[in-house]
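Asks: I am attaching a structure below and will ask some questions about it afterwards.
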Amino acid sequence: MDTKKIFKHIPWVILGIIGAFCLAVVALRRGEHISALWIVVASVSVYLVAYRYYSLYIAQKVMKLDPTRATPAVINNDGLNYVPTNRYVLFGHHFAAIAGAGPLVGPVLAAQMGYLPGTLWLLAGVVLAGAVQDFMVLFISSRRNGASLGEMIKEEMGPVPGTIALFGCFLIMIIILAVLALIVVKALAESPWGVFTVCSTVPIALFMGIYMRFIRPGRVGEVSVIGIVLLVASIYFGGVIAHDPYWGPALTFKDTTITFALIGYAFVSALLPVWLILAPRDYLATFLKIGVIVGLALGIVVLNPELKMPAMTQYIDGTGPLWKGALFPFLFITIACGAVSGFHALISSGTTPKLLANETDARFIGYGAMLMESFVAIMALVAASIIEPGLYFAMNTPPAGLGITMPNLHEMGGENAPIIMAQLKDVTAHAAATVSSWGFVISPEQILQTAKDIGEPSVLNRAGGAPTLAVGIAHVFHKVLPMADMGFWYHFGILFEALFILTALDAGTRSGRFMLQDLLGNFIPFLKKTDSLVAGIIGTAGCVGLWGYLLYQGVVDPLGGVKSLWPLFGISNQMLAAVALVLGTVVLIKMKRTQYIWVTVVPAVWLLICTTWALGLKLFSTNPQMEGFFYMASQYKEKIANGTDLTAQQIANMNHIVVNNYTNAGLSILFLIVVYSIIFYGFKTWLAVRNSDKRTDKETPYVPIPEGGVKISSHH
């Protein structure tokens with residue numbers, strides 16, 4: 001090996017050593033507080049080294065990417081669905097589609113176990129599993145004309161597993177959408193500032209869509225500046241309106257009202273043309289997403305804050321107040337999207353491969369965008385770990401866990417305001433005492449002061465992770481840019497997350513509608529027509545109706561639906577990732593590259609162990625701490641049967657809990673059947689092709705890139 005080659009690797013070796021040293025500090029320092037900077041530097045080093053070496057190994061050895069091969073976008077260039085797109089524009093488009101609420105919420109919830117377990121899983125998971133899955137699916141789909149995950153399973157393994165996979169993907173999509181919507185509802189309930197700001201984004205996006213289409217076509221920079229100025233104005237005026245004696249109470253809505261508004265919004269937006277609301281919303285969201293995360297990272301570099309949360313808390317045994325479940329397997333399910341997420345397999349097949357200009361871009365987009373998303377998750381974990389742990393637990397523990405009943409903040413503007421303020425003080429004192437007794441000392445004054453700082457009546461009962469992240473963002477941005485108060489930055493954070501999530505809700509409902517039309521089209525061919533308005537309305541109504549039902553159940557559930565839906569969301573999401581990795585393994589076997597299947601088999605096996613174990617516990621555990629579905633249902637049925645002095649409301653609440661648990665149990669069993677039947681068919685396929693010495697995969701024939709090169713579009 002010549003010296004030139006060796007010298008080329010020296011900077012990377014140094015970077016690797018720096019990363020390893022920072023990780024060692026994060027992992028091994030005990031008892032003293034350390035700076036959040038260690039985590040940021042360690043993560044960036046890990047991402048860069050993994051991208052430089054591991055993703056290159058996969059691209060060159062496992063996939064053998066071919067720069068001379070024409071992609072589906074080049075072959076079918078129709079200016080509509082198939083468009084060869086600039087790799088940086090496509091990176092932004094793909095990142096906006098995959099980075100929903102998962103990387104924001106999961107890590108915040110996982111912080112109840114301390115910052116260390118989450119950090120290690122986010123780094124190891126993304127390098128070995130998450131980015132591999134995204135890259136693999138994108139590669140396979142781009143060699144099959146941009147086929148969707150279900151279609152590829154049908155082609156490579158047969159029609160039965162194909163239909164099962166389509167059905168499974170659709171079910172998982174419904175759960176993901178319900179969870180995303182629930183997070184928006186929790187963030188906007190009883191918050192007039194949030195409601196005004198988030199509602200303003202709809203006319204802003206519509207205006208941007210019309211501006212780009214008719215007034216000044218193609219002026220992306222111009223319209224983005226206008227959009228951002230209008231966004232900032234809407235945050236500022238939201239604060240003015242929230243403190244207005246008339247408009248404040250008028251825009252304070254209960255969670256059920258917001259639920260119905262969201263369902264209506266999603267239904268309409270999924271039927272509107274893409275250019276009108278979805279595309280401009282994506283632009284706004286991508287600017288905001290990458291801007292805020294980079295801003296947060298720079299803020300942490302400037303402020304060098306210390307991590308207040310311990311490296312590991314006492315809750316690794318599964319007794320935590322936010323969610324139940326021990327470190328293994330539940331940490332690996334709570335943090336889905338930053339480490340590995342099956343939802344991405346639905347984006348990496350279907351949409352993104354139809355826009356790929358050159359096959360070699362798949363590494364940058366498939367592997368690279370997932371690393372970026374993992375960084376978003378790391379920043380969320382850091383934001384949750386630099387605020388006071390006592391405040392973190394007070395905000396995220398459901399009221400029942402704190403032993404309190406929240407007063408009706410709805411009447412804050414009315415004549416009962418003094419009574420409600422007094423009740424709020426009592427409740428806060430009780431909550432502070434409870435959290436302090438767990439070893440995370442906090443005073444009622446600190447909790448009330450935080451609420452006052454951020455311009456909200458209270459910070460209690462703010463589960464779902466979004467408000468905690470917004471407080472973390474507000475802490476950092478307010479210290480770096482003190483001219484705007486904490487309230488502005490907090491609502492900026494909430495808006496950032498709601499936009500993040502609404503983008504996913506819009507896009508998800510739209511692809512959910514296509515999936516449902518695909519499924520139903522097998523029985524009623526007319527419904528397959530995506531350009532028919534009637535079929536579109538039926539598909540959208542079915543999709544929105546299903547996630548809307550789960551969302552409503554979650555909102556009215558006194559135990560907080562996110563608690564029951566979140567583990568299901570994590571488990572189903574990881575199962576879908578396992579299915580995608582099984583497909584990757586089958587394709588490698590059929591391509592006669594069996595020596596490389598460890599790349600997909602190792603993460604697939606790990607995900608299957610985690611998800612099956614977690615589902616087994618959630619279904620059959622009789623440990624009251626675990627809140628197993630069947631156990632909880634039987635407990636509440638018993639309470640209803642034996643309860644003599646129960647009010648009608650209590651009985652209705654208990655019946656809700658019983659229905660929720662049976663729904664979740666039914667869905668869990670369905671997922672197990674879906675995943676294991678696909679593994680069975682994968683195994684069957686392997687047995688069928690193992691003795692053939694020719695390739696048996698269904699790759700489309702090689703077409704060379706046209707001689708004049710490819711005309712690349714820089715906007716999509």
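Note that Cβ sites are derived from N, Cα and C of the backbone, with glycine treated the same way.
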Asks: Identify the topological domain of Arg144 and of Ser511 in Swiss-Prot, and say whether both name the same side of the membrane.
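Replies: Topology check (Swiss-Prot): Arg144 vs Ser511, same domain name.
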Asks: Does the transmembrane segment (164-184) reach the transmembrane segment (532-552), going by 3 or more CB pairs under 8 Å (6 or more apart in sequence)?
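Replies: Between the transmembrane segment (164-184) and the transmembrane segment (532-552), contact is present.
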Asks: Would you report the average pLDDT that the model assigns to the topological domain 'Periplasmic' (396-484)?
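Replies: For the topological domain 'Periplasmic' (396-484), the model's average pLDDT rounds to 88.
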Asks: Restricting to CB pairs under 8 Å, which listed stretch, 6-26, 258-278, 485-505, 569-589, 597-617, is in contact most with the transmembrane segment (532-552)?
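Replies: Comparing 6-26, 258-278, 485-505, 569-589, 597-617 against the transmembrane segment (532-552), the winner is 258-278.
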Asks: Could you tell me what the rest of the chain brings near the transmembrane segment (485-505), counting residues at least six beyond its ends with Cβ under 8 Å?
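Replies: Those are 96-97, 99-101, 104, 177, 180-181, 183-184, 187-188, 191, 193-194, 197-198, 201, 231, 234-236, 238-239, 262, 266, 281-282, 284-285, 288-289, 292, 453-456, 466-467, 469-475, 477-478, in sequence order.
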Asks: Which stretch from 89-109, 569-589, 597-617 shares the most C-beta pairs under 8 Å with the transmembrane segment (669-689)?
Replies: 569-589
Asks: By DSSP, how many residues in the topological domain 'Periplasmic' (244-257) are helix, how many strand, and how many coil?
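Replies: So the topological domain 'Periplasmic' (244-257) is made up of 7 helix, 0 strand, 7 coil.
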Asks: Do any residues of this chain, six or more beyond the ends of the transmembrane segment (6-26), have a C-beta under 8 angstroms from a C-beta of it, and if so which?
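Replies: Sequence-distant neighbours of the transmembrane segment (6-26): 34, 38-39, 41-42, 44-46, 48-49, 52-53, 115-116, 119, 123, 311.
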Asks: Can you see whether the transmembrane segment (375-395) and the transmembrane segment (192-212) are touching - at least 3 CB pairs under 8 angstroms, only pairs 6 or more apart in sequence?
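Replies: They are not in contact.
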